[in-house]
Amino acid sequence: MGGKMEKITCVGHTALDYIFNVEKFPEPNTSIQIPSARKYYGGAAANTAVGIKKLGVNSELLSCVGYDFKNSGYERYLKNLDINISKLYYSEEEETPKAWIFTDKDNNQITFFLWGAAKHYKELNPPNFNTEIVHIATGDPEFNLKCAKKAYGNNLVSFDPGQDLPQYSKEMLLEIIEHTNFLFMNKHEFERASNLLNFEIDDYLERVDALIVTKGSKGSVIYTKDKKIEIPCIKAGKVIDPTGAGDSYRAGFLSAYVKGYDLEKCGLIGAATASFVVEAKGCQTNLPTWDKVVERLEKHRI
């Protein structure tokens, strides 16, 4: 698949993030001061698509955005990165989805998400996917399921329910997992999904080729039918903001996969990519190039 052809389609949210660092979360009916606040480009699908492109792999984005998207600077930014945005749906009456993300001193997070233009996913039908991988991130569960069913068998389907996991019914979650090759979850989502489905590890592996569970500073684990691969956390210079670490891990993992690496190396590339992102505020602020990722892995003698 040479040339300009996009290798990976990312389906799901493109959003504007407002990120706040607080000492601790306030109690109900109280207020706290916030030292600073800034707007960043975010949304799980967009974060992953940008991360993939920065690593030298062509990506495209399938998202619903609002009437404010063109003037937000985000559209121009994606075009300048040469990410294919021809599959964006523009709403004329709703604004681009927005997230207000609060992080405490222990890196716990609370997020308030404005759905906005994302309500239009229900009206859309999935396009034909002409890429090697279709990565389905946070977004509308019904549309995500449609995309997984359309892509499965023709494309490798990667699925990361993220913080939208509670919006999936048991039946819907099971059906999308049955149309997934690579299933990504963090440890909290993995516990929630396993409780909802009453699943053990083996139950997932009867349905997917690989289950990848990320555990923050404790690294990640890749489960396949044959083995369990422990991936260490790659140390960052200094952890400033954990927002977007998961999306960048997935970007690194999938980019390495389309470059032909085995799953262990994919996990290491994912972990190293995430180690850069946490060094700055914002999901896309400090996304590394492929060379920088490889250099950091070599520095850790991995």
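Each residue, glycine too, has its Cβ placed from N, Cα and C.
These features come from Swiss-Prot:
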- Asp247: active site, proton acceptor (ACT_SITE)
- Asp17, Gln33, Gly43, Asn47, Thr111, Phe112, Phe113, Gln163, Asp247: substrate binding site (BINDING)
- Gln109, Asn186, Thr214, Lys215, Gly216, Ser217, Lys218, Gly219: ATP binding site (BINDING)
- Arg250: site 'Transition state stabilizer' (SITE)
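Locations of recorded Swiss-Prot features on the structure.
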{"residue": "Asp17", "record": "substrate binding site", "contacts (Cβ under 8 Å, 6+ apart)": "Lys39, Tyr40, Tyr41, Gly42, Gly43, Lys98, Ala99, Ile101, Thr243, Gly282, Cys283"}
{"residue": "Gln109", "record": "ATP binding site", "contacts (Cβ under 8 Å, 6+ apart)": "Ile101, Phe102, Thr103, Pro242, Thr243"}
{"residue": "Phe113", "record": "substrate binding site", "contacts (Cβ under 8 Å, 6+ apart)": "Ala15, Pro97, Lys98, Ala99, Trp100, Gln163"}
{"residue": "Asn186", "record": "ATP binding site", "contacts (Cβ under 8 Å, 6+ apart)": "Val213, Thr214, Lys215, Gly216, Gly246"}
{"residue": "Ser217", "record": "ATP binding site", "contacts (Cβ under 8 Å, 6+ apart)": "Cys233"}
{"residue": "Lys218", "record": "ATP binding site", "contacts (Cβ under 8 Å, 6+ apart)": "Cys233"}
{"residue": "Gly219", "record": "ATP binding site", "contacts (Cβ under 8 Å, 6+ apart)": "Glu230, Ile231, Pro232, Cys233, Ala271"}
{"residue": "Asp247", "record": "active site, proton acceptor", "contacts (Cβ under 8 Å, 6+ apart)": "Ala44, Asn47, Thr48, Gly51, Ala137, Cys283"}
Under 8 Å by Cβ from Arg250 (site 'Transition state stabilizer'), counting only residues of that chain that are 6 or more apart: Thr48, Gly51, His135, Ala137, Ser158, Asp160, Phe184, Gly270
Most crowded position, judged by CB atoms within 10 A, among Gly43, Gly216 as binding-site residues: Gly43
Thr111, Thr214 as binding-site residues, winner by CB count within 10 A: Thr214
Determine the C-alpha span of the ATP site listed in the record, that is the greatest distance between any two of Gln109, Asn186, Thr214, Lys215, Gly216, Ser217, Lys218, Gly219, in Å to the nearest whole number. 19
When you measure from the Cβ of Lys215 (ATP binding site), how many other Cβ atoms are you left with inside 10 Å? 14
Recorded substrate binding residues, Asp17, Gln33, Gly43, Asn47, Thr111, Phe112, Phe113, Gln163, Asp247 - maximal Cα separation rounded to whole Å: 29
